[in-house]
Amino acid sequence: MANIARDIFKAYDIRGIVGKTLTDDAAYLIGRAIAAKAAEKGMTRIALGRDGRLSGPELMEHIQRGFTDSGIGVLNVGMVATPMLYFAAINECGGSGVMITGSHNPPDYNGFKMMLGGDTLAGEAIQELLAIVEKDGFVAADKQGNVTEKDISGEYHNHIVGHIKLKRPMKIAIDAGNGVGGAFAGKLYKGLGNEVTELFCDVDGTFPNHHPDPSKPKNLQDLIAALKNGDAEIGLAFDGDADRLGVVTKDGNIIYPDRQLMLFAQDVLNRNPGAKVIFDVKSTRLLAPWIKEHGGEAIMEKTGHSFIKSAMKKTGALVAGEMSGHIFFKERWFGFDDGLYAGARLLEILSASDNPSEVLNNLPQSISTPELNIALPEGSNGHQVIDELAAKAEFEGATEIITIDGLRVEFPDGFGLMRASNTTPILVLRFEADTQAAIERIQNQFKAVIESNPNLIWPL
């Protein structure tokens, strides 16, 4: 039996610490396992790309050898943003591709996001890869798969510039956090006719300025300062592999992705009345009424880019988004999460206004907390912890308890959420209400539930 760290096989992807849990041998074996699944589905070619992390080239070499030793051909697109890899996979490889990325994890992490035949691998499909590795269930190849190298950045760029039309040129600031999006974002937005101020757009896998995670307010402070001190009208920020978008207004307000989705949904519904819109369990309770008000069907899903993509395929939804910043357009695009493209769609909408910040600031808003995290004791299972807490929890005044992903408790004047993260050993909490008093009341109810487990420390 092959020796591989089981805990790198996560819910949405494979992710580990390079050289410790994610080794060169592991990359090779994972390549063999993905190739076995591809062969089973009759696929002969896989697109392969990497982000700007320092460990990317070496991992790429070993996973690629896993493919070719199994007789699977490789379209190697080099260093790209994750959505560019998806673009190559869909247009050149029948929807099969692997992206080597650590997303927003610390610099010593890396991993693989995978799709086969247009389906993103998640949950059980990822556990099947582990089973193949552990049982040596690899395919024997008659001959080596061949490798073709291709720069797809031009095609990707032209595809977007070809159909996104701004009403006027805008002045924008972008912050790539030294992630791979910095290699492409400036050129893309200039190609749409904008004047672009670039922050931290040189790709550097050590992330020397701030962490490339736009879901955390501290990582947007440089962009906020640039907007206040310069003449840019709007700020866009990206995570390490540019499949997530952060948005900041001229006056320094962070427009979280659930509010971004209000604007995107309204735009899509203008052209497609009755369309389905998907959002994740962490989203504002103001979103579903907004979607219905604008003639759409609102669907809540569990958090996770692979789950959302799967739900989009199942329901035929035209647009979706989740609180972490993944925005998915099926209308006029391919249905995968793409921070660069979402930025372009946002500029297309905002260019119709002389005051884009006003448009964003006028979107409905409640009082809410950012995402709050509770560290779990070493070796504990977050989903099990949630189940144990939920079993004895009581919520006075609750109107609905939603259990599709953790516990979301709705009240007449707000909601509280606790769920297990699928990527890190933490519980995630979020609260929203009409008033500060209501948010504190809801938090206190959750605090009592959390503190029933002596190993958990309330984060506020």
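Glycine is treated like the rest: Cβ placed from N, Cα and C.
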- Query: Among SER103, SER366, SER368, SER380, which residue does Swiss-Prot annotate as binding Mg(2+) together with ASP239, ASP241, ASP243?
  - Reply: SER103
- Task: State the three-class DSSP label for ASP241 (Mg(2+) binding site), counting H, G and I as helix, E and B as strand, and everything else as coil.
- Result: coil
- Distance, SER103 (active site, phosphoserine intermediate) to ARG244 (substrate binding site) (CA atoms, angstrom): 9
- Write out the long-range same-chain contacts of GLU322 (substrate binding site), meaning residues 6 or more apart in sequence whose Cβ is under 8 Å from its Cβ. PRO257, PHE279, ASP280, LYS282, SER283, THR303, GLY304, HIS305, ILE308
- Task: By CA-CA distance, flag whichever of SER103, LYS113, SER324 among the recorded positions is nearest to ASP239 (Mg(2+) binding site).
- Result: SER103
- Query: Around SER324 (substrate binding site), which residues of its chain at least 6 apart sit with Cβ under 8 Å of its Cβ?
  - Reply: SER215, ARG244, PRO257, ASP280, LYS282, THR303
- Cα separation, SER103 (active site, phosphoserine intermediate) to ASP241 (Mg(2+) binding site) (Å, whole number): 5
